[in-house]
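Listed features, source Swiss-Prot:
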- GLU124: active site, proton donor (ACT_SITE)
- CYS12, CYS94, CYS188: [4Fe-4S] cluster binding site (BINDING)
- HIS40, HIS72, HIS122, SER216, ASN218, SER259: isopentenyl diphosphate binding site (BINDING)
- HIS40, HIS72, HIS122, THR160, SER216, ASN218, SER259: (2E)-4-hydroxy-3-methylbut-2-enyl diphosphate binding site (BINDING)
- HIS40, HIS72, HIS122, SER216, ASN218, SER259: dimethylallyl diphosphate binding site (BINDING)
Amino acid sequence: MKVYIATPYGFCSGVKKSISLAEKILSLKGEVYTLGALVHNPKVIEELSKKGIKVLGKDEIVEGKALIVRAHGLPQRDIDFYKSLGNEIYDATCPLVKKVQVLAEYLKNNKYKVIIIGEKNHPEVIGILSYTDNQGIVIEYESDIEKVEYYPKIGIVFQTTQSFDNAIQKVNLIMNKGKEIRIFNTICPETIERQEKAKKLSKIVDVALVLGGKNSANTRRLYITLSLKVPTYHIENLEEIDKNWFKEDSKVGIITGTSTPNNFVEEVLALLKSLYPLEIHLV
């Protein structure tokens, strides 16, 4: 069996920084909570929980604790609320997400109507929207654009894990909605690279495994890209893999979301190796 692994795989730089900060604060404080799931991968959250990094529930309120802002960021009002209760706040927001928040606030302050191309209910988008005083417009579907009024000044930013191709399609449809339109490409370069690798894999393999959390936006987009071309399976746990998907002469593609740990790739390879001898290629 030939296995083609898209590189890079494992955590992106933003996820690495977020987890590193959480572990550092845990070592200093002995107890730490994250405001929502630190990253969108249940396996990773479970491992962090075992170490003592706990996820604070939506309706849970704590005082005088060490709290970490998740990688996707938070609305500023939420951060201010937890600060008011005497908590120490440590910001693990991905630097690229932070950049989008700053841009959104800048555009709002300079009288631009801010348009965010992204998923309405995604934590990152909710956080970005808060920096427009919730006056921005979120475009998730092309049908959302029909409702957009004409504005003298429009500023466009993107959820960092958006598909580049889909984002550009939406931008083209927005171009007649304003006189002055400023576009900031805030899609994460690492996300774009993985999307391109997914396209490349789809031309090589006859079955693909996308490894990562089912709640991960960037992982879902990798799945969509590959599934348009080849049989594709989104795998969150090893138990989900069915050996009947493979044959000895299969060409299997493996790609990971940005919050998928390296050791999960190794576990999947070990399982495949137990079925057939492997010939591994990096793509």
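From the backbone N, Cα and C atoms, a Cβ is placed for every residue, glycine too.
Here the features listed in Swiss-Prot are painted onto the structure.
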| residue | record | Cβ contacts under 8 Å, 6 or more apart |
| --- | --- | --- |
| CYS12 | [4Fe-4S] cluster binding site | CYS188, GLU190, THR191, THR258, SER259 |
| HIS40 | isopentenyl diphosphate binding site | HIS72, GLY213, ASN215, SER216, ALA217, THR219, GLY257, SER259 |
| CYS94 | [4Fe-4S] cluster binding site | GLY14, VAL15, LYS17, SER18, ALA71, HIS72, GLY73, THR160, CYS188 |
| HIS122 | isopentenyl diphosphate binding site | HIS72, GLN159, ALA217 |
| GLU124 | active site, proton donor | HIS72, GLY73, VAL97, VAL100, GLY118, GLN159, THR160, THR161, ALA217 |
| ASN218 | isopentenyl diphosphate binding site | THR161, CYS188, THR191, ARG194, GLY212, GLY257, THR258 |
DSSP-derived class (H/G/I helix, E/B strand, else coil) of CYS94 ([4Fe-4S] cluster binding site):
coil
Taking the center of the Cβ atoms of HIS40, HIS72, HIS122, THR160, SER216, ASN218, SER259 at the recorded (2E)-4-hydroxy-3-methylbut-2-enyl diphosphate site, which other residues in this chain have a Cβ no more than 8 Å from that point?
VAL39, ALA71, GLU124, THR161, ALA217, THR219, GLY257, THR258
Site extent for (2E)-4-hydroxy-3-methylbut-2-enyl diphosphate, whole Å (max Cα pair distance, HIS40, HIS72, HIS122, THR160, SER216, ASN218, SER259):
15
Extra residues within 8 Å (Cβ to Cβ centroid of CYS12, CYS94, CYS188), [4Fe-4S] cluster:
SER13, GLY14, VAL15, ALA71, LEU96, VAL97, THR160, THR161, GLU190, THR191, THR258
Tell me the coarse DSSP state (helix, strand, coil) of HIS72 (isopentenyl diphosphate binding site).
coil
